[in-house]
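**Student:** Right, I'll just put the structure down here and ask away after.
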Amino acid sequence: MQQRRKSVFASAPFAMKQAALGAGVAARRNGAPLSLAAVVFALFVFATFLYNEDIKSIADFPFGAGALRAKSPDLHVLQETVGAAHLAAGSIAKRGEEVIVRVLDAPASTAMAAAAGSSSNNSTIEVAKANANANANAADAGVKVDEGQERERDVTLPSVKEGGADEARRREDEEAAEKESSAKAAAATAALRTVVSVPDTCDLYRGNWVYDEVNAPVYKESQCEFLTEQVTCMRNGRRDDSYQKWRWQPTDCDLPRFDARLLLERLRNKRLMFVGDSLNRNQWESMVCLVQSVIPKGKKTLTKFVNGGNSNIFYAHEYNATVEFYWAPFLVESNSDNPQVHSVPDRVIQWHSIAKHAHNWLGVDYLIFNTYIWWLNTLDMKVLKGSFDQGATEYVEVDRPVAYKEVLKTWAKWVDRNIDPNRTTVFFMSMSPNHITPEAWGNYGGIKCAMETLPITNRTTSLDVGTDWRLYAGAQEVLQTFRRVPVHLVDITALSELRKDAHTSVHTLRQGKLLTPEQQSDPKTYADCIHWCLPGLPDTWNQFLYARIASAPWSSDQ
């Protein structure tokens, strides 16, 4: 057992007690009775002993507790400082920054007091004593902390990402923004899902050409990267651009202005295909330029000579829509079906054979057919006896209008049997005219369409520029024979006859090469009065298509 320590106040009375006890023993030995003084002395010694025990008790508990309580305010201050630092750190850490908090180390006496909390009773007593002395010194100094005893240390708090509440708020904000964006997109789509108004009583093809520098052209030559050199007349040296600024004005109504976004919305997840000869390719290039103007770069592509070389395909990525051209100059099979090698002097057709081409037309949502210019090479058409696949070479010559009508009958039968009218809309383009006889419009001494800069206007007599209207009549008859599938005639012939100024003339290609200056100076030989500059007349043809497509009711699957 540990020996009990004596109070400092007990040392002197203890010696006196020993002396008194010695004297008492001697007195009893002598048989002398205890005196009053001895009794008083004994009481004094007993009181002193009790006092000593109280001092021990106080030293064990109250002094230690009192010392710890005396330092508690300093610990609370430290905790509050660190807590505030953590709050500040949390705010900064949301931004992903590293946080450094400067913390003051407590004086040595405070550290001793903190350590004493986990020590034995004896250690607690020693610490309590030390803290008691420190408190006394602090009190004497006016409770002033000696800053020289404080030591600073940097505590780096870990960077943290946004907390759960902040993450939830961020997600809510993102969801709200996404909903708002979706709502705006839906509203924009709804706005595009309009139906263009074209009065049923209005004949769009009867009217006049009006010069309009404000609204024409719809696009610029330099802004359409997909134009071929065959049609870029300004780039190829043409000096006037007035041919681009004539707008067709129907007599009894207005031709709806082309809206590329509205048409693309109609074409979403759909295919539009031009089928026919180089004039339909001319119109296809126009349509590509009309729609591509509102599509950002990187979201549109053009692929040429696919499907065995017969197809060119423009793809609008965002709309999952295609604008395609399929080469079939006679619609039926012929010896001119190779789009890259088709300059065949003796053109032969297989007038009842269309399946080779037609299987490529299945599943298309808008089909635009034409066939004309390749029929004008000779007065009679050569019709194959047998088939190309079997190597047949014999043919018979048939009058052009008869052969033309027979080919259109073959085409009409296939359309009526294979096209779903609930899905596919079919158009037929009437003939695109040539301008190779300038005397027809009163330019005696002129050379074809060369140097023409104005349309034919204010005519009071009929115009004959060489169009074979017999073929036009044959097409009209065949179009009346359809039973299941309605086919819409786009009647461009008469209004296009007025545009002698709009051909490529000498500002074009010949056999894949641009005309040289020497060739351009010889329009009688090299002027192309068949095809059209772009921007130009084919843009108006496509406005007619647009008016028909955009004025139709929206189908249930759109």
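Here the Cβ of each residue, glycine as well, is placed from N, Cα and C on the backbone.
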**Student:** Choosing among Cys224, Cys233, Cys253, which residue does Swiss-Prot name as bonded to Cys533 by a disulfide?
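**Tutor:** So the cysteine paired with Cys533 in Swiss-Prot is Cys233.
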**Student:** Can you tell which of Cys202, Cys253, Cys289 Swiss-Prot lists as bonded to Cys224 through a disulfide?
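**Tutor:** Matching partner in the record: Cys289.
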**Student:** According to Swiss-Prot, Cys253 takes part in a disulfide bond; indicate which of Cys202, Cys449 is its partner.
**Tutor:** Cys202
**Student:** Which is it, of 16-19, 128-131, 528-531, that Swiss-Prot names as motif 'DXXH motif'?
**Tutor:** 528-531
**Student:** Express the distance between the Cα positions of His531 (active site, proton acceptor) and Ser278 (active site, nucleophile) as a whole number of Å.
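**Tutor:** It is 8 Å, counting Cα to Cα.
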**Student:** Looking only at the motif 'DXXH motif' (528-531), what is the model's average confidence as pLDDT?
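**Tutor:** Residues in the motif 'DXXH motif' (528-531) carry a mean pLDDT of 98 in this prediction.
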**Student:** Can you count the other CB atoms that lie within 10 A of the CB of Cys529 (disulfide bond)?
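**Tutor:** Result for Cys529 (disulfide bond): 23 other Cβ atoms within 10 Å.
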**Student:** Hey, what's the Cβ neighbour count for Ser278 (active site, nucleophile) at 10 Å?
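**Tutor:** I count 20 other Cβ atoms within 10 Å of it.
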**Student:** When DSSP states are grouped into helix, strand and coil, how many residues of the compositional bias 'Basic and acidic residues' (163-182) land in each?
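**Tutor:** Secondary-structure breakdown of the compositional bias 'Basic and acidic residues' (163-182): 19 helix, 0 strand, 1 coil.
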